[in-house]
């Protein structure tokens, strides 16, 4: 092989190696930032990965909110009306957080089936429901619950 061809081959191999390395790093970074949404039924059925950051959403069960008296620890149960999952959170809950309303919790699932959340998102107003929660409730056979101040037929629009 003459020196010119050898030099071109080395340059092409170096460029391909650099592109491959950059692509690997980019895909690795994207994989770390993907938070897949899981319903309480999917989590209870073992479809959600342990130790991986996920988004869990549903309706907060009435009477399930437990606050610690000496810390910011909070536990509550989220349901899709088929199955339920416990959410453990340390921090201040959003002002709009209420029992009986839809939330999305971001965190990791532990071996006991509890989602240890580092972020809790509450719906914005009485008509809003996170799209994932609304879809999950429809798929589970439950209509999107109507707020107390709205007639049921208006809530499904």
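The first residue you see is number 1, and the count goes up from there.
Keep in mind that glycine also has a Cβ here, set from the backbone N, Cα and C atoms.
Database features, via Swiss-Prot:
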TOPO_DOM  1-8  topological domain 'Cytoplasmic'
TRANSMEM  9-29  transmembrane segment
TOPO_DOM  30-157  topological domain 'Periplasmic'
BINDING   124, 128  heme binding site
REGION    132-157  region 'Disordered'
Intrachain neighbours beyond the transmembrane segment (9-29), with Cβ under 8 angstroms and 6 or more residues off its ends: 1
DSSP-assigned states of the topological domain 'Periplasmic' (30-157) in counts, ordered helix, strand, coil: 22 helix, 44 strand, 62 coil
Secondary structure content, the topological domain 'Cytoplasmic' (1-8) (per DSSP, counts of residues): 6 helix, 0 strand, 2 coil
Residues of the parent chain within Cβ reach of the topological domain 'Cytoplasmic' (1-8), under 8 Å, 6 or more residues beyond its termini: none
